[in-house]
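As structure tokens, the structure follows; a few thoughts come after it.
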Amino acid sequence: MKLTCMMIVAVLFLTAWTFATADDPRNGLGNLFSNAHHEMKNPEASKLNKRWCKQSGEMCNLLDQNCCDGYCIVLVCT
């Protein structure tokens, strides 16, 4: 039991050490958090608002369900 606990603690420590000392030239976590903060302040900057969707009566994709307001039925947005 003690050995198992020691192994778990060692793995967690090494994982944390790897993430803390990783060389990321793009500042991955810093960019991630600053972009998320920017999107909270400016909802127009969110990538979700820029999705392409089809209006009612246009041809649509059954798999993606890419209609803006309704559903894709028989390849036409309703």
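Glycine too: its Cβ is placed from the backbone N, Cα and C atoms.
Among the candidates Met7, Met59, the residue that Swiss-Prot annotates as methionine sulfoxide is Met59.
Looking up Cys77 in Swiss-Prot gives a disulphide bond to a cysteine among Cys67, Cys68, identified as Cys67. Of the cysteines Cys68, Cys72, only one is given by Swiss-Prot as the disulfide partner of Cys53: Cys68.
Long-range Cβ contacts of Cys67 (disulfide bond) within its own chain (separation 6+, distance under 8 Å): Cys53, Lys54, Gln55, Ser56, Cys60, Cys77, Thr78. There are 21 other CB atoms within 10 A of the CB of Cys77 (disulfide bond), with all protein chains counted.
Sequence-distant neighbours of Cys72 (disulfide bond) (same chain, six or more apart, CB under 8 Å from its CB) are Lys54, Cys60, Asn61, Leu62, Gln65, Asn66, Thr78, listed in sequence order. In the structure as shown, the Cβ atom of Cys68 (disulfide bond) sits within 10 Å of 13 other Cβ atoms. With the fewest other Cβ atoms inside 10 Å of its Cβ, the least crowded of the recorded positions Cys53, Met59, Cys60 in this structure is Met59.
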